[in-house]
Amino acid sequence: MRTLWIVAVLLLGVEGSLVQFETLIMKVAKRSGLLWYSAYGCYCGWGGHGRPQDATDRCCFVHDCCYGKATDCNPKTVSYTYSEENGEIVCGGDDPCGTQICECDKAAAICFRDNIPSYDNKYWLFPPKNCREEPEPC
């Protein structure tokens, strides 16, 4: 029941590219980003601090860094354009911000897919108090 409540709360704030990010994760990793990655480790979900706990958490850390490098963009609300060509996601469109955010989301979705074998349920709903180590630079 607690998980359903968390998902409902997270959906309240979802807009723009966050919906598209969920779609990319579903297409590439064949999993729901909300159900698998919205509250995982120290970096998957809102905020992020400490050190990534495993390869999956590192996907979120790198994604946060990628968003941080998207200068003059609001990554959580910018919509973007992409297509599928030969089973691959291709980011495009005329908006440089949108393309940059799409590339961040695409890389994270691929990272999630590639690290499914190392996903560890012990990091789901991981307590923030366990994420107090000095963060590494992006």
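Cβ coordinates come from backbone N, Cα and C, glycine included.
Note that this is a predicted model, so its numbers are computed, not measured.
Copied over from Swiss-Prot, here are the features:
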| type | residues | note |
| --- | --- | --- |
| ACT_SITE | HIS63 | active site |
| ACT_SITE | ASP105 | active site |
| BINDING | TYR43, GLY45, GLY47, ASP64 | Ca(2+) binding site |
| DISULFID | CYS42-CYS131 | disulfide bond |
| DISULFID | CYS44-CYS60 | disulfide bond |
| DISULFID | CYS59-CYS111 | disulfide bond |
| DISULFID | CYS65-CYS138 | disulfide bond |
| DISULFID | CYS66-CYS104 | disulfide bond |
| DISULFID | CYS73-CYS97 | disulfide bond |
| DISULFID | CYS91-CYS102 | disulfide bond |
| SIGNAL | 1-16 | signal peptide |
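This view paints the features noted in Swiss-Prot onto the structure.
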residue: TYR43; record: Ca(2+) binding site; contacts (Cβ under 8 Å, 6+ apart): PRO52, ASP57, ARG58, CYS60, PHE61, HIS63, ASP64
residue: CYS44; record: disulfide bond; contacts (Cβ under 8 Å, 6+ apart): TYR37, SER38, THR56, ASP57, CYS59, CYS60
residue: CYS91; record: disulfide bond; contacts (Cβ under 8 Å, 6+ apart): TYR80, THR81, TYR82, GLY98, THR99, CYS102, GLU103, LYS106
residue: CYS104; record: disulfide bond; contacts (Cβ under 8 Å, 6+ apart): HIS63, CYS66, TYR67, ALA70, PRO75
residue: CYS111; record: disulfide bond; contacts (Cβ under 8 Å, 6+ apart): ALA55, ARG58, CYS59, VAL62, HIS63
residue: CYS131; record: disulfide bond; contacts (Cβ under 8 Å, 6+ apart): GLY41, CYS42, HIS49, GLY50, ARG51
residue: CYS138; record: disulfide bond; contacts (Cβ under 8 Å, 6+ apart): ASP64, CYS65, GLY68, LYS69
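Close to the recorded Ca(2+) site, the chain also has CYS42, CYS44, TRP46, GLY48, HIS49, CYS60, PHE61: residues not among TYR43, GLY45, GLY47, ASP64 whose Cβ is within 8 Å of the site's Cβ mean position. The Cβ of CYS97 (disulfide bond) lies under 8 Å from the Cβ of ALA70, ASP72, CYS73, ASN74, VAL78, each of these being in the same chain and 6 or more residues away along the sequence. Its own atom aside, the Cβ of CYS59 (disulfide bond) has 26 Cβ atoms within 10 angstroms in the protein chains shown. Geometry remark: GLY47 (Ca(2+) binding site) versus ASP105 (active site), CA distance 16 Å.
It is 14 Å from the Cα atom of ASP105 (active site) to that of GLY45 (Ca(2+) binding site). CYS60 (disulfide bond) falls within a helical segment according to DSSP. Looking only at other Cβ atoms within 10 Å, the busiest spot among the disulfide-bonded residues CYS42, CYS60, CYS65, CYS66, CYS73 turns out to be CYS42. DSSP gives CYS138 (disulfide bond) a coil state; it is part of no helix or strand.
When each of the binding-site residues GLY45, GLY47 is scored by how many other Cβ atoms sit within 10 Å of its Cβ, GLY47 comes out lowest. According to its DSSP assignment, CYS91 (disulfide bond) is in a strand. Across the recorded positions listed here (ASP64, ASP105), the residue whose Cβ sits among the most other Cβ atoms within 10 Å is ASP105.
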